[in-house]
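Trainee: Pasting a structure here, questions to come.
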Amino acid sequence: MAALSSAAVSVPSFAAATPMRSSRSSRMVVRASLGKKAASAAVAMAAGAMLLGGSAMAQDVLLGANGGVLVFEPNDFSVKAGETITFKNNAGYPHNVVFDEDAVPSGVDVSKISQEEYLTAPGETFSVTLTVPGTYGFYCEPHAGAGMVGKVTVN
């Protein structure tokens, strides 16, 4: 029986290698890389869809319309229970969002969902998540008399 007492491994060096042209068509290389990009995009989209599937969507509401009109925009909308509603001061007038205690589902504490402090700067926001199904009436305290009132239906 023969025994191996030592072995040598030779690793070639590529430091002095000269570039070789590939015999593959550049069109094939482009197609292959586009295929990889498409596959990566599909994976990213699927991952995004899974993330969105587990989280609630959002509803944005402007406090004041473009042009300075004192309204909620939109002023009548629906959301699913657990979706976030973000109210955004659009023009810089002082606005707030007060839920009317006589116009919300029974048992809802309006002090926990209202923003009674004024949002005074353009871009300031207030977000609320409503979880009890029903209809909620809300208004802007300083501008309710001018018609700045709204309604959200939670399904």
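From the backbone N, Cα and C atoms, a Cβ is placed for every residue, glycine too.
Take a look at what Swiss-Prot says about it:
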TRANSIT   1-58  transit peptide
DOMAIN    59-155  domain 'Plastocyanin-like'
BINDING   H95, C140, H143, M148  Cu cation binding site
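A description of the local structural setting of each listed feature is requested, covering burial, neighbours and distances.
Mentor: In the three-state DSSP reading, C140 (Cu cation binding site) counts as coil. Counting only same-chain residues at least 6 apart in sequence, those with a Cβ under 8 Å from the Cβ of C140 (Cu cation binding site) are L63, L70, F72, H95, N96, V97, V98, M148, V149.
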Trainee: Just checking, which of H95, H143 (binding-site residues) has the fewest C-beta atoms within 10 Å of its C-beta?
Mentor: H143
Trainee: List the other residues in this chain whose Cβ sits within 8 Å of the Cβ centroid of the Cu cation site residues H95, C140, H143, M148, in sequence order.
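Mentor: These residues sit around the Cu cation site: L63, G64, L70, V71, F72, Y93, N96, Y139, E141, P142, A144, A146.
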